[in-house]
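Reviewing the structure listed below.
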Amino acid sequence: TLVASNSTERDVFKVENSKVIVAVRVRPFSNREKDENSLPVISMSGSETAVRHPATNQVYSFSYDFSFWSFDNCHPNFASQAMIYKTLAVPLLERAFEGYNACLFAYGQTGSGKSYTMMGFDEDQGIIPRLCEDLFTQIAQMDKQQILYHLEMSFFEVYNEKIHDLLVFKAESGQKKQPLRVREHPVLGPYVEGLTVNVVSSYSDIQSWLELGNKQRATAATVMNDKSSRSHSVFTLVMTQTKVEFVDEEQCDRRLTSHINLIDLAGSECCSMAQTTGERLKEGVSINKSLLTLGKVISALSKQSRSGKKTFIPYRESVLTWLLKESLGGNSQTAMIATVSPAASSTEETLSTLRYAKQACSIINIAKVNEDVNAKLIRELKAEIEKLKAAQKSALNTDPEKYRRYLQEITSLRVKLHQQERDMAEMQRAWKEKFEQAEKRKMEDIKELQKAGIAFKIDNHLPNLVNLNEDPQLSEVLLYMIKEGETTVGRYTPNSKHDIQLSGVLIADDHCVIKNTVGKVSIIPLREAKTYVNGKCILDPTVLHHGDRVILGGDHYFRFNHPVEVQKVKRPSCGTMFLHDRPKDFEFAKNELLIAQRMQLESEIEEARLKAKEEMMQSVQIAKEMVQQELTSQKEAYESKIKSLEAEVREESRKKQIQELNNQKAATKIQELEKAKQNLELELHFNKKRLEMETLATKQALEDHTIRHAKILEALEAEKQKIAEEIHTLQKNRGSGNKTMTIPLTWNSLKLSVMIKEANTISNELGKNTVFYR
């Protein structure tokens, strides 16, 4: 049985449902957006946030717990850093003092103002430094006799799904640090195995550790060249409160432990718009993977809260979501701030962020007061001892056996109590040892960084180089002092003796020397090491002035500061003229370098063009002469060929003329033949008609001659018979009188011959006039 007051009972077992608080913050226009003359698409009214899509003119409205308007500092509802801290972080800090876990994380696209909200810049501090300072301010106001506070902090980043401890510069063996792994405790939930947890006793301790962590993060991003600043950073404070309470007038301790997680998520982005490739694309994929998983977790938790049914939550699909398991849907008071850009060019990313945040509004966590098990057990043991003492007094005079058992139980409980008290004392001693070890390790890490030339204390009389980084949170974190005399710069190696040690592909073993002679600082590049001042590559010693930008090896950006020169003369830097009004940050230095390189490239292109033109003119002249010679020889050959061709043409022309004459003659002959043909056809027709007529006449004549011939033949036959008779008569009369008969026979023979001749003549005439007769 636990003996305690009612208020104590309520605190010990206090459990409540806690809704995730969601806020949205819109930042001012960036320099790039101002240059693009972009128009704002976001408006806010109370807790309402509205976005007007520039393409469709459609208005999308969202309602959150808070909508912070930081676009215009002249606006009456302008949300400053202090206002945002007071609205979001102060309630979480109050809950942490009550023994609850607390978490605040910032989400948004790249460049939307997450790092500014969480860390801030210069004097305009963000949530993390304000909360830490406020934490120790409240602790200082507490009664230390009633409550003792122990605070521990850790600082790590999640890059490419790997965890890197930012409070350890090197592994114990001196080798490169290895990524850490996530494990899960059955009671405490997910934790990072082997993560450095340092004891802190003041805000300055946290400041120094944050400075060290950010320097190591910046060093890893720009010097070691093995990863970039595009990572999720997680800053954790573990606050243990030991409250002195009295149970039956006896003092006992009650210990509450609160975990405060402050998380700056890496920016979400569209790879195609960002035009990322290679390692940057791989980083973008890992970032988007973890944020996608975070979105799936938020969506599943939102669905579970609405339906009231148990839903599978994919915490383990990403290192980030696994670590946030207790903050999202677990034992924590959680707030989320989504940062967005007001520009029309970022409308799609802004809508995506707002939808993301809207889903988180419905997540319900189950928060409870976290009491230390040992302290609770000690209090329970003391209460049990007091109870047994009371029972012992009542049993002393009634039952000796019961009294003896009570005495044994009291002795046993006292042994347990003494053991627990020894454990508590050992724990107190361990706190001191951990604090001492942390301070010792801090000094070792500071020495390691100082070996590389990074300073931790500013000398207001010495000039210095301060780093510039595309991540504003890592910019102006590394400070390199320029001592009197020569400061050497070279590649980082284990045995390097250079004052400033850098790493990178383009950093030479002996890169450059910076001379500081009676306040006059000049930089001297060595051999062909790439060294740029205000965007221009230098080859000779160059005097540096306050505000000049120095780029070494193409990867390491610095701004030169000269306190003495600032006090003497206020002169502008001699950089690119039209960029004077803009801050001398990484973007300025990068644009300046790009402009200088572009001008140099244009100059080299123009020089190469003129040289190429001159060489081309010479080549053209030589080619012209060669062509002229070639043309001359070709002309002669062509002229000879032309002459032969002309002769051939003349011959062909003559042949053609002859052929044409022949063709004309042939045509004339053809005409004549055609005419002759016509004449022949006419003559043939005429002859045909004539022959037909002659045939008819011949037929008629033939018939006449046939009749005549028949008559002649008859006459001849008659004459023949008559002659035969005369002959016969003459033969008879031969003997009687030969001389008188001779004359008549001759006359008859002559008459017969005449008739035969006449018959032949008729036959001949018939043969001439008729073909068939012949």
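Each residue, glycine too, has its Cβ placed from N, Cα and C.
Worth saying up front: this structure is predicted, and the values here are computed from it rather than measured.
Listed in TrEMBL for this protein:
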- 19-363: domain 'Kinesin motor' (DOMAIN)
- Gly108, Gln109, Thr110, Gly111, Ser112, Gly113, Lys114, Ser115: ATP binding site (BINDING)
- 374-452: coiled coil (COILED)
- 487-538: domain 'FHA' (DOMAIN)
- 591-733: coiled coil (COILED)
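Structure with TrEMBL features highlighted.
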| residue | record | CB count, 10 Å |
| --- | --- | --- |
| Gly108 | ATP binding site | 27 |
| Gln109 | ATP binding site | 21 |
| Thr110 | ATP binding site | 19 |
| Gly111 | ATP binding site | 20 |
| Ser112 | ATP binding site | 26 |
| Gly113 | ATP binding site | 22 |
| Lys114 | ATP binding site | 27 |
| Ser115 | ATP binding site | 22 |
Whole-number mean pLDDT, the coiled coil (591-733), equals 86
Same-chain shell around ATP excluding Gly108, Gln109, Thr110, Gly111, Ser112, Gly113, Lys114, Ser115, C-beta within 8 angstroms of the CB centroid, reads Arg27, Gly267, Thr339, Ser341
DSSP tally for the domain 'FHA' (487-538), helix/strand/coil in that order, comes to 0 helix, 25 strand, 27 coil
